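Q: Sharing the features that Swiss-Prot gives for it:
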MOD_RES   S64  phosphoserine
MOD_RES   S82  phosphoserine
REGION    64-84  region 'Disordered'
SITE      W41  site 'Seems to be involved in pH gating'
TOPO_DOM  1-22  topological domain 'Virion surface'
TOPO_DOM  44-97  topological domain 'Intravirion'
TRANSMEM  23-43  transmembrane segment
Amino acid sequence: MSLLTEVETPIRNEWECRCSDSSDPLVIAASIIGILHLILWILDRLLFKFIYRRFKYGLKRGPSMEGVPESMREEYRQEQQSAVDVDDSHFVNIELE
């Protein structure tokens, strides 16, 4: 006798969905939550660069320039640029023992 004859094979009827009571409110709620979760996950993966960049950099804007004379605006921009230039030329050397 072969081992293949002793293995139980599922009948096609067992593979079919037995969701005859799909009008159950819990099943409907779970389906809606699952679909919404899938949609939000897809949107997150498609737009994550824009969303997280907005949170990371959008909230760190400089002070408002309303009512500030143009000469002071230019002075502020130059200070900010010089601070960036100093940071770009600064390197940290780490020596491992």
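Counting starts with 1 at the first residue shown.
In case you wondered, yes, glycine gets a Cβ from its N, Cα and C as well.
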Q: Quick check: in three-state DSSP terms, what is W41 (site 'Seems to be involved in pH gating')?
A: helix
Q: Using a 10 Å cut-off, grab the number of neighbouring Cβ atoms around the Cβ of W41 (site 'Seems to be involved in pH gating'), all chains included.
A: 10
